[in-house]
Each structure stands twice: as structure tokens, then as C-alpha cells.
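These notes concern the structure reproduced below.
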Amino acid sequence: MIEISNLFFNYQNKEVLKIKNLKLDTSKISILMGANGSGKSTFLRILKFLEGDFSKNISYFGNFKPNNKQKREIYLLFPEPILLNRSVRANFLFTLKTYGIKEDIEERIKESLMFLNLDESLLSKHPNELSSGQSQKIAFAIALSVRAKYYLLDEPSAFLDKNTTLLFKKTILKMHENFNTGFLIASHDKHFLDSLAQKKLYLHSGEILEFENTNVFELENQGVKFCNFIDFSNCKKYKDFKKPPSKIAIDPYKISFFNSKNIPKNNYDFILEKCYIIALRSRKSDVFIRVSCMDKILEFALEKQEFLRFDLKLYEELSLYFYEDAICFLN
């Protein structure tokens, strides 16, 4: 587990990251989405000890000051392959030595090459003899040979063709299954990420939301106009802001629903009426239900068993409700 509290990072007088509380389960495959320039790469570099000193803000596996061995449990793979000007085998050996690995060297090399469908004849090649695709695969294979506890992958599919992207996905799943390896994958390639994610994170305005950006809305007059206007100005979280926030995010895992014809009289914090199901998508153990509410689109999540029990259909009308703990205000 990596635990983060009160992490703030500025670059050229601009606030890039402001993460109050976040826990990263290092045994899971987590994905980090966000627009270009949102700070995804910076966040990964911080986690790999390459930016600033955040020893008071980040705990790694229970340690605020991890030793070198513990630091090597984290491996960062950059978007573009970085290979030394020596043979591929020498690149493997250098990395394994750097990570203090002295046993099973040949086994690790062969296994990582096999994962990525790479021929052992490439071990004698130098970087200038490799195609860009081969270089990308070799860099990933070298990373996998370390068998780190937690991998940080920065835009791993950025320069890949469709077949190689699929191969990378299968390899990530194999590593996770065989070695209980965790991954934090930063990308804006939704197709690459969707089938991998056990946990979704979204970086927006320096803050990390534990869901994607479908449910982020602009605030107008301290609220949002769905079918009915929802005023959020009385929320404690809203009042905590010195400057009025400009956006609101609603956690899809904390939204519930009921049939619009049978609205109970319970005291819910917020109710959205006349929501119509427009799309259904299945991911791992959850089903995401996308609804249209006037001109707004939002999603909520159900476990697959729950979804089957309720037998929800496209174009069905629902009312949604949620409490203040489901919302997050953003600048």
C-alpha cells in the first residue's frame, strides 16, 4: 500500500498537484486518466522519488523513509524506451544488477522475452539495430525481468500498434496473475485501459478522483441544472472552499436509484429526477449505467449480480439519489 496525504506540487508558480488523501493498493491494476498536461507524468515521477522530497507525505509499504531495497520495489517505465548503447543482453544485466538481483538471471530474461513474443536472437543486437516497436518491447521486457512489486507505466500504449497494445495488455495481466504484481498505468487511451482496470483514478485540476471524468460538471449559480436544479451551496465541503469552486464531481459508486414511479419519502441529500438509461457497459465485476438527465450525461455503478437482479433496460426511466459524501468540489 502507498498512502499519500497533503501532497502539493507547484511548477513555475502553477499548482500542478494537490492531493489531500489517497491510498494506492499496490496489489491491484489501477489506471490514472487525465488530459494531456494534467500532471500524470509528474505524479509518477514523484512516486519514483524523481521529483522533490515528499518523505513526510508519502508512505511506501508502511515506511515514510524507505531504504534503497524498498525503493527498488517501485519501477517506472517511461513513454519512450531508454536503452544503453550496448547489447540488449547487457541492458538486461545492467538493470538486474542495479536492482540487486543475482539469481535466476537467465530464467528472468527468457521469461520476459517470452511474455512479449521476442526472439532470443535479439539479445545480441544493439539499440540502433532495433525497430521502434522492438525497442519498446525490449524496454518493457527489461522492466518485467526485475519483477518489481509495483510498476508505474507512463503512457505505455502511446507509440504502439493495435497488436502490440493487445500484447502489452495480456502481459500486464500475466504478471499480475503470476507474481501478484501491481500496476499504476497513466494514460488517456481509454480503449487500452478499460479492460485492465481494477481501480480507476482521474486527475483533474491537480486532484485525483477515484473514478473517471464522466461525472464532472460545471457549477452555475452554486449548483447544476439537471432536470431539476440542484443547489450545492449548503454542503459543508462547499463552505470549506475559500474561493467558490467551479466544478463538482459525483462518485458513480455512491449513486443509488429507484423507479421514478415509486419515489420513497426518505430524506435524501440530493435527488435527480427523470433520468433515462442510454448505455450499459460491463467492466470486471461492475456494470456502469449511463443516463441522460436533460442535457447532462452521468453514470452510476452496480455490481453485476445487483444489475441482473434489477433487470434494468435501455431507455428505462429512473430517479437517482446520493448523499454529500458522494461529491467532490474542484477549482
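Just so you know, the numbers here start at 1 and follow the chain as drawn.
Each residue, glycine too, has its Cβ placed from N, Cα and C.
What Swiss-Prot annotates here:
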DOMAIN    2-230  domain 'ABC transporter'
BINDING   G34, A35, N36, G37, S38, G39, K40, S41  ATP binding site
- Message: An 8 Å radius from the center of the G34, A35, N36, G37, S38, G39, K40, S41 Cβ atoms defines the neighbourhood of the ATP site; name the other residues of that chain inside it, in order.
- Response: H188, L203
- Message: Suppose you look only at the domain 'ABC transporter' (2-230); what would the mean pLDDT be?
- Response: 90
- Per DSSP (three-state), G37 (ATP binding site) is coil
- Task: State the count of C-beta atoms found within 10 angstroms of the C-beta of S38 (ATP binding site), not counting that atom itself.
- Result: 20
- Task: Quick one: of G34, G37, G39, which of the binding-site residues has the smallest count of other CB atoms within 10 A?
- Result: G37
- binding-site residues compared (N36, S41) - highest count of Cβ atoms within 10 Å: S41
- Can you name the residues of this chain that are 6 or more positions from A35 (ATP binding site) yet have a C-beta less than 8 Å from its C-beta? H188
- Compile a sequence-ordered list of residues in the same chain as K40 (ATP binding site), six or more apart from it, whose Cβ lies below 8 A from its Cβ; state 'none' when nothing qualifies. L32, G34, D154, A186, S187, L203
